[in-house]
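One structure is given below, encoded as structure tokens.
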């Protein structure tokens, strides 16, 4: 498999936790000590929540307001809708008030507010602030009632009409663009992309594998969908530096290209626990007492808008089920395939799963019994056969002696005949 890239930087800092963990000796990459510590510590807060939101708060950010205003468009796209509507209304009302004040000042300086004055006014029928405000609204929104209008008496009034028209177009373009960008954000697409509640570790093709399941609830496809994962845990460097959240890549097939998936029906993502895996030295007992978090990410382009979306979730160590597999969800009907999402999060236990680490398994410290290696579908098949035999009256053997002509070693090596699962009614 590919190499593991480790990011050598800290994301969160906690001096108190750092001093406390610096004195601890934890095995399997969780510390510098050599002795194993199986007393579970208090679990840290989840870095990425189940719904994909990052559990992070930024404090003591210098010049935060100025930085957000410098990128005002992104700020408007990211803020909540209620604040977006407030900005939308304020932008128009303030511009109307500003230009209404300008037209009122022009009328005041020209003497148009004096009813006894004779002569041509700069803006006809503008003899109060209310009239100037209404004229500003009519100019910017191009309503044009025809009752008030600018004349050629004052060039400054003509210039302000032109200037307000340009400003109004800029405000319209900015606000409408921000609203459309906010509506087109693929964030809500994540509501129809789901991860399984638990990850599992089980044997697959003779190797221990970490697996989790992803599904797409919509019929529209996710274009160029691909997955990646990272393991977050604290560690202490050889120099004694405490890193509270060290990020380690988990290989899900990036080098071979199998990280790209065709997400039409639910798919199980597989991470082979090999010598490059951060889980290579962890046994079931180590997993049960470990304190780490696996962040899983699904990325792809929304078919309708071609915009990239990212769906995230995470699994803590206590959310990884050792010796379990996922129940099947895809069933073949007569002319189509059916996906049963009621089984999406369900798992079943595989009793013969080795409890040792992948390293111990590779070094053949654990002998896997072939005689007890039943897959879920074969268990179902055997159960159905026993029920049929009991209904047909086939007598069961009561002898406990082993016949002399049967070789138990050869019998254990004979694999079970696979039985494909083709109908939901069979299970």
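The backbone N, Cα and C atoms fix where each Cβ goes, glycine too.
Counting every protein chain shown, the Cβ of residue 76 (S-nitrosocysteine) has 20 other Cβ atoms within 10 Å. For 76, the entry in Swiss-Prot reads S-nitrosocysteine.
For 82-106 (among others), the entry in Swiss-Prot reads transmembrane segment, with the evidence type similarity to another entry.
The feature topological domain 'Extracellular' is assigned by Swiss-Prot to 107-128 (among others), with similarity to another entry given as support. Averaged over the topological domain 'Extracellular' (107-128), the predicted model has a pLDDT of 81.
Long-range C-beta contacts of residue 122 (disulfide bond), restricted to its own chain and to partners at least six residues apart, with a cutoff below 8 Å, comprise 106, 107, 110, 112, 150, 151, 153, 154, 156, 157. Annotation source Swiss-Prot lists disulfide bond at 122-154.
Per Swiss-Prot, intramembrane segment is recorded for 129-140 (among others), and the stated evidence type is similarity to another entry.
Within the chain, the intramembrane segment (141-147) has long-range Cβ neighbours (under 8 A, six or more residues past its boundaries) at 125, 165, 168. Annotation source Swiss-Prot lists intramembrane segment at 141-147 (among others).
Per Swiss-Prot, the feature motif 'Selectivity filter' maps to 142-147; the stated evidence is similarity to another entry.
If you look at the topological domain 'Extracellular' (148-156), the same-chain residues 6 or more away from its ends with a CB under 8 A from one of its CBs are 106, 110, 120-126, 131, 134-135, 138. Sequence annotations record features per position, and here Swiss-Prot assigns topological domain 'Extracellular' to 148-156 (among others).
Here Swiss-Prot flags 157-178 (among others) as transmembrane segment. Proximity of distant same-chain residues to the transmembrane segment (157-178), defined by a Cβ-Cβ separation under 8 Å and at least 6 residues beyond the stretch ends, is recorded for 73, 76-77, 84, 87-88, 91-92, 95, 99, 102-103, 106, 122-123, 136, 139-142, 150-151.
There are 10 other Cβ atoms within 10 Å of the Cβ belonging to residue 255 (K(+) binding site). Sequence annotations record features per position, and here Swiss-Prot assigns K(+) binding site to 255.
The annotation region 'Disordered' is assigned in Swiss-Prot to 384-427.
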Long-range environment of the topological domain 'Extracellular' (107-128) - Cβ separation under 8 angstroms, sequence gap at least 6: 135, 147-151, 153-154, 156-157
Nearest-integer angstrom distance between the alpha carbons (Cα) of residue 255 (K(+) binding site) and residue 76 (S-nitrosocysteine): 39
DSSP state at residue 76 (S-nitrosocysteine), helix/strand/coil: helix
